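The compositional bias 'Acidic residues' annotation in TrEMBL covers 502-511. The domain 'Major facilitator superfamily (MFS) profile' annotation in TrEMBL covers 35-460. Residues annotated as region 'Disordered' in TrEMBL: 478-519. Here TrEMBL flags 34-53, 73-93, 100-119, 161-186, 192-212, 246-264, 294-317, 329-356, 362-386, 437-460 as transmembrane segment.
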Amino acid sequence: MADSDRMVVDGVEEERGRETPRGWMERIKHPKTTLVAVLLTVNLLNYMDRFTIAGVLTQLQAYFHMDDKQAGMLQTMFIVFYMLCAPICGILGDRYNRKLIMSVGLSIWIVAVLLSSFVGRDYFALFLLLRGMVGVGEASYSTVAPTIIADSFTGADRSAVLMVFYFAIPVGSGLGYIGGAYVSLWTGAWQWGVRFTPMLGIICLLLLIFVLDEPARGEAEHAEGMERTTVKEDLVYLTTIPTFRWTTAGFTAVVFAAGSLAWWTPSLVEHAYAVQHGTSVVPEDEKASVALKFGLITACAGLTGVTIGSTVAGAWREGRWGLRASHRADAVVCGLGALAAVPALFACLITASHYINVAWCFVFLAVTLMCLNWAINMDILMYVIVANRRATATAIQTMISHLFGDATSPYIVGVVSDWVRGDDVSQVGSFFSLQTALFIPNAVLVFGGAAYLYATFHVVEDQRIAAHRMHVHSAWDDDDEESGRAALLAPPPPARSPSASEADEEEDGGDDVQVLVRN
């Protein structure tokens, strides 16, 4: 290969504008390894804490005498607080110390979870309020942490680190289900199933305060011209990025489906067990077994999905495995994953009443496909948005995806389930009403896939525009694809001194012009 086809940017070898795939861990040294480890650990706790409630949901329903609608309200209240605080945390995260913001949020989160475990059975409203307060703390972390990764890594390294960071979604969710269910089983009280995560939270808080080092905004890209902007300017800017709009719509649809599935699948399987065994009461050890299976499936499927999604998208972008290189690969993988999850989830719902083990297999497949986009979606957002507006963009996307996604889907499914069941309180009625309600998120996934695929028409141009606004070189400019708007924003080429022969030719041309003028 000719030397002209290679270049080195910040110590990373690139080939024809694309980073040559080498062992990314070999290039990530201390303290960046420490940064990744701390952020991953706290993110694991984030999702563990979010789903410990689902692991003890039936115990909570018995303790507070809740129906399905009220049970759905627990997750809805958490997400409502989460999404309302996310924009505030994002705006602050683009302007002030991000380490401080995360530490304060984590402190609120720890206290709220701990207090919620001491609420009496006659104070459901207070439990609901404290569950919402947990969302305040988690919003401060989820909107800010990805921007620290974006400011520490670029290119394939950033994609790989985001993949590792979002391993926390399936692993943390699975550990939350398993931990909540089994700790409550061992102790004989649901309270301890919720109470063990604040203890881990204290360790995470100490790691944030004493171990994490915060990078400067745009540090990894050597971004310039990152002046402070107003909130109004940031919001107007985000509305002008088509990729941001369409990936947000697609991500919201996937979150809607994933949120309802995560919240209601254990209950659906418990009802299916009761139907198959002709009983009205599901044993506590069977409930714990369901939580364990769903937690393991969620963790394994999520790991598989995040890994496959990021790996395939990266290989496709770089033209490996015989694939034609394309910068649209990220959005295409997200879209195809959402569409492929539709028949998998449908098959799960159909088979659950007769073949629970077969249904578990389809749950694994559906969760795997829905998890293809977790890391890729954030990677897209980071490279189409300028460095000093990424926390705001993350926060707005978070707010929208939760407002119309998992903040509403558990409640909607619960309401529809109660409506379909009517006065039928039998296990058969409970199963079929919940099964019917869960067809709603299955249909929403179709819209999500379509939105991601539509974003492919804009992603290349939007990445180039963001790079030019930060006054950094975009490797995508080296490709043959044209971008009209980006070209307008590109800086003019530097003036080049003429060679001696060119200077002589210019003088000869000048003499000819003078002769023509004189004549």
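Placed from the backbone N, Cα and C atoms, the Cβ positions cover glycine too.
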Give the one range among 34-53, 161-186, 294-317, 362-386 whose Cβ atoms make the most pairs under 8 Å with those of the transmembrane segment (192-212).
34-53
Short question: most Cβ pairs under 8 Å with the transmembrane segment (437-460), which of 34-53, 246-264, 294-317?
246-264
As a test: from 73-93, 161-186, 246-264, 294-317, 362-386, pick the stretch that has the greatest number of Cβ pairs under 8 Å with the transmembrane segment (34-53).
161-186
Are there residues at least 6 beyond the ends of the transmembrane segment (329-356) whose Cβ is under 8 Å from a Cβ of it, and what are they?
243, 247, 250-251, 253-254, 257, 261, 268-269, 272-273, 275-276, 305, 309, 312-313, 316-317, 323, 362-363, 365-366, 369-373, 376-377, 379-380, 431-432, 435, 438-439, 441-442, 445-446, 448-453, 455-456, 459
If you count every Cβ pair below 8 Å, which range out of 73-93, 100-119, 246-264, 294-317 shares the most with the transmembrane segment (362-386)?
294-317
For the domain 'Major facilitator superfamily (MFS) profile' (35-460), what's the mean pLDDT in this predicted model?
87
Give the one range among 73-93, 246-264, 294-317 whose Cβ atoms make the most pairs under 8 Å with those of the transmembrane segment (161-186).
294-317
Long-range environment of the transmembrane segment (246-264) - Cβ separation under 8 angstroms, sequence gap at least 6:
51, 54, 57, 72, 75, 79, 173, 298, 331, 334-335, 338, 341, 345, 363, 366-367, 370-371, 373, 377, 380-381, 396-397, 400-402, 404-410, 412-414, 434, 437-438, 440-442, 444-445, 447-452, 454-455, 458
